[in-house]
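Now, the feature entries from TrEMBL:
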TRANSMEM  23-46  transmembrane segment
TRANSMEM  58-82  transmembrane segment
TRANSMEM  94-111  transmembrane segment
TRANSMEM  118-137  transmembrane segment
TRANSMEM  157-175  transmembrane segment
REGION    186-261  region 'Disordered'
COMPBIAS  194-203  compositional bias 'Polar residues'
TRANSMEM  271-287  transmembrane segment
TRANSMEM  293-314  transmembrane segment
DOMAIN    298-581  domain 'ABC transmembrane type-1'
TRANSMEM  412-434  transmembrane segment
TRANSMEM  440-458  transmembrane segment
TRANSMEM  517-543  transmembrane segment
TRANSMEM  555-575  transmembrane segment
DOMAIN    615-849  domain 'ABC transporter'
REGION    889-928  region 'Disordered'
Ligand SMILES: Nc1ncnc2c1ncn2[C@@H]1O[C@H](COP(=O)(O)OP(=O)(O)OP(=O)(O)O)[C@@H](O)[C@H]1O
C-alpha cells in the first residue's frame with residue numbers, strides 16, 4: 001500500500017535549489033572525472049602507474065553497489081508513479097538518478113578495465129558524492145510536514161544512507177590499502193638482507209611469486225619470474241599463437257614505430273609536448289606563403305560551420321512541417337517542405353560538401369606535394385651512416401607516411417572537430433528546447449557510447465593481430481608456390497603446395513570469422529547503448545509534450561536530430577585508433593626528418609680549387625660506430641697522376657679509405673688534403689665533381705644505355721656519350737644491341753653481362769672527366785678479350801689522373817706506381833712493386849702466395865655466368881704466362897721442387913688466408 005503522504009511527495013515538484021542540485025551533482029562528477037582522467041592520460045600517469053591496489057576489487061564492488069542503489073531509487077519512483085497514475089513530475093530527480101547511473105557506470109567500467117588505475121579521478125568523484133548526497137537529501141526533506149516517515153521516503157532514505165556508507169567505505173579501503181602497501185614496503189626494506197641475495201635484486205621473498213592483492217593479480221619476482229608452462233598452456237589461445245608466429249615485416253614496422261612513439265612520448269613527459277614535436281610538419285601543411293590557398297582554407301572553415309548550422313536546422317524544419325500539418329502552428333506546410341528540401345540539398349553531397357571538397361582539393365595536394373618532396377629531398381641529402389643503417393623499403397614506407405599526416409588532419413578537421421561542434425550545438429539546443437537534462441543525456445550517451453566502443457575495439461585488437469598474421473601467411477605461401485613453380489614442379493610437390501595453401505586459407509578464414517563476429521557483437525552492444533540514450537531522451541520529450549511544454553513536432557525533431565547525431569559516432573569511436581596508427585606512421589617520417597646529415601658543408605665553405613690532384617692522408621683514423629677503429633693513423637701522399645693500389649686481406653679497410661676520400665664518411669681523426677686543401681673545409685659538391693668512382697658492382701638505373709651513361713653529365717651531347725663509350729671499349733657492343741643506345745638495361749642493369757656493366761660504368765666515369773679516380777677493381781670472371789677491353793678502358797680512364805684502386809688483380813697491383821699494404825686498418829707497407837719484393841715484408845708474402853697460384857683458367861671462364869654484385873676474391877693472379885714466368889724467375893728455386901707442387905695445388909684457394917702452402921719467397925722458404 002502506498003501511503004497517501006508518499007503520493008503527496010511524489011507529485012510535489014522539487015524546489016529550484018533541489019532541482020539545481022539534482023542537475024549539478026552528476027554534472028560535477030562527470031566533469032571532474034573526464035577532466036582528471038584526461039590530465040592523467042595526457043601527463044602519462046596512466047602509463048607510469050605501476051602499483052596495483054590491494055583493495056581495488058572491494059572498491060569495485062562498493063561502486064557497483066552504489067549504482068544499484070540509484071537504480072533501486074529510480075525503479076521505486078517509477079513504480080510509485082505508475083501505480084498512482086501520477087506520471088512523475090519530479091523530472092529532475094529521475095533524470096538526476098539516470099545521469100548518476102550513467103556517470104558512475106562509466107567509472108565502474110573504467111575501474112574494472114584497468115588493473116593499475118590512476119586513482120584520483122575515482123576517489124575525487126567519491127569525495128564529491130559525499131558532499132552532494134547529504135545536501136540533496138537534506139533539501140528534499142526540508143519542506144516535509146512533521147510526522148513519521150512513509151514507506152517510499154524510508155526506502156529512499158535507506159538507499160541514500162547505504163550509498164553514502166558505500167562511498168565512505170570505498171575511500172577508507174583506498175586509504176587503508178595505500179597505508180598497508182606503504183607499511184609492507186617499509187618493513188620489507190627493513191627486513192631485507194644487507195647482502196643482495198644471489199643477483200635477485202634483493203628480492204626479499206627469495207623470488208617467490210607473491211599474490212600482492214585481494215584481486216589475485218600476481219606480480220612475479222626473482223626466480224618466480226620464469227613463466228610456468230601450465231599457465232602458458234591455459235593462456236588465451238589467440239595470445240599464445242600470436243606470440244609463437246614469427247613477426248611479419250608489417251608487424252615489425254608497426255612495432256618499431258610504436259616503440260619509437262612510446263620512447264619519445266616518455267622523453268617528452270606528456271602528450272602536449274609530444275604533439276608539439278609534430279610542428280616540424282607545419283610548413284608543409286599550412287601554405288605559409290600562399291594567400292590563395294589560405295583563403296580557400298578559411299572558406300572551408302566557413303563551410304564547416306555552415307554545415308553545423310544546417311545540421312540543426314534540418315530536424316527543426318521537419319518539426320515545423322509536422323506541427324503545421326497537425327495545426328500546432330499556422331505556417332504553410334508546402335513552404336515548410338520546400339525549405340526542408342532546400343536545407344537537405346545544402347547538406348547533401350551536392351551542396352556544402354561539394355563546395356568544401358572543391359575548395360580543399362588544391363590544399364590537400366599542396367600538403368602531399370610539400371611533405372613528399374621535402375621528405376624525399378631530406379632522405380637524399382642524408383649521409384651514408386643513415387642509408388647504411390636503414391633498409392630502403394623502410395625509408396620508402398616512411399616517405400609515403402606523409403600521406404598519413406594528411407589523412408590524420410583530414411579526420412581531425414573534417415570529421416572530429418565538426419562532430420564535436422555538432423554535439424556542443426546539440427547540447428545547447430536540446431537543453432533550450434527540452435530543458436538541460438535532454439542536452440545532458442545527449443552528451444552522456446555519446447561519451448558512454450565512445451567509451452564502450454573504444455574498449456570493445458581494444459578487446460578485438462589481439463584477434464585482429466592474429467588475422468593479419470594469417471593473412472601474411474596466406475600471402476607468403478601463395479607467393480612462394482608461384483615464384484618457385486619450377487622447383488615445385490621439378491620435385492613433384494604440387495599436391496603439397498595445394499595442401500599448404502588450403503591450410504593457410506582455412507586458418508585465415510577462421511581468424512577473419514572471429515574478427516567479424518567480434519565486430520558484429522560490438523556493434524550490437526553499441527546500438528543498445530544508443531537505444532538507451534534515445535529512450536531516456538524520448539521519455540523526457542514525451543513528458544514535455546504531454547505537459548504541453550513541447551509540440552509533437554518537437555518530439556519528431558528530437559528523434560531526427562538524434563538519428564543525425566549518432567550516425568557518425570561509429571567513426572568517432574575508431575578515430576582514436578586511426579589517429580594512433582597515423583601517428584605511428586608519421587613518427588617514422590618524423591624520425592627521418594629530425595635526422596641531421598652527418599656530412600655537411602661548413603658555413604661558407606669555398607669550392608675545391610684543383611691543381612693537379614695531389615692527395616695527402618695525414619694520420620687519418622676512422623670508425624663507423626665510434627667504438628671499433630677501422631682505419632688507424634693512415635698517412636701517405638699521392639702525387640698528381642699517380643696510381644695507388646691498396647692491397648690487403650678482406651675487411652682490412654681498403655674500401656673505407658676510398659669512402660672517406662669521397663666524404664661518404666668523415667675521418668674521425670687526422671686530415672685529408674687535396675692540393676693542400678682539407679676536404680672538410682671545401683664544399684662537398686665541388687669535391688665530388690672532381691672525383692669519379694667506379695664501384696666493384698656498378699648499379700645502373702632501369703633506363704636506356706644512353707641515359708645511364710649520360711647520368712654522369714646530364715647536359716652531355718649524344719656525341720660525347722658515344723666518345724665516352726668508345727673510350728670504354730663498349731660502343732661497338734652497344735651498337736649491336738637490338739635498340740642500340742636506346743636499349744633498356746633492366747633493374748640494376750640486370751640485362752647486361754658483367755663485362756658490359758663494368759664498361760658502361762667506366763664510360764660513365766670517363767664522361768664525367770674527373771680529376772681523381774676511385775676504383776674498386778672488379779675481378780668478375782670474364783673472357784680474356786673482355787678483360788683486355790676492360791683493362792684498356794680503365795687505362796684510358798686513369799690516364800694522367802690521380803687514381804686509387806682497391807686492387808684485386810696482380811697485373812694492376814704490379815703496374816701501380818705505389819702499392820699500399822693495409823692490414824687490420826693499418827698501413828703496414830708502401831712502395832713500388834720491386835721495392836716491396838726486395839723488402840721481403842707483408843707484400844712479398846702476399847705476392848709470393850699469389851704468384852705460385854695457378855692463373856685463372858681463362859678458357860673455361862668464357863662459359864662461366866657472371867655473378868653481379870658479388871664480392872670478388874681477394875687477389876687474382878691474372879698475369880699472362882710470360883709475365884708470370886718472369887716473376888717466377890725472381891724466385892730462387894729450392895731443392896725438392898716445392899714450387900711446382902704449390903702452384904699445382906693452390907688453384908682453388910687463391911684468396912684463402914688460411915691455406916698452408918710451402919712457398920719460397922725471395923730469399924727464404926716460408927710457411928703461409
Ligand atoms: N657501413 C659500415 N658500417 C659498419 N661497418 C662497416 C661498414 N662498411 C664496412 N664496415 C666494416 O669495416 C671493415 C672494413 O671494411 P672495408 O669494406 O673497408 O674492407 P675492405 O678491405 O675493402 O674489404 P674487401 O676487400 O672485402 O672489400 C670491415 O670489418 C667491415 O665489416
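Heads up, the Cβ atoms here are built off N, Cα and C, so glycines get one too.
Counting C-beta pairs under 8 angstroms (sequence separation of 6 or more), the transmembrane segment (58-82) reaches the transmembrane segment (94-111) with 3 or more such pairs. Stretch with the largest number of CB pairs closer than 8 A to the transmembrane segment (412-434), among 293-314, 517-543, 555-575: 555-575. When Cβ distances are compared across the two stretches, the transmembrane segment (271-287) makes no contact with the transmembrane segment (517-543), since fewer than 3 pairs at least 6 residues apart fall below 8 angstroms. Among the stretches 94-111, 118-137, 157-175, the one making the largest number of Cβ pairs under 8 Å with the transmembrane segment (23-46) is 118-137.
With a cut-off of 8 Å between Cβ atoms, the residues of this chain six or more beyond the transmembrane segment (157-175) that come close are 53, 55, 58-59, 62-63, 65-66, 69-70, 72-73, 76, 119, 123, 126-127, 129-130, 133-134, 136-137, 149.
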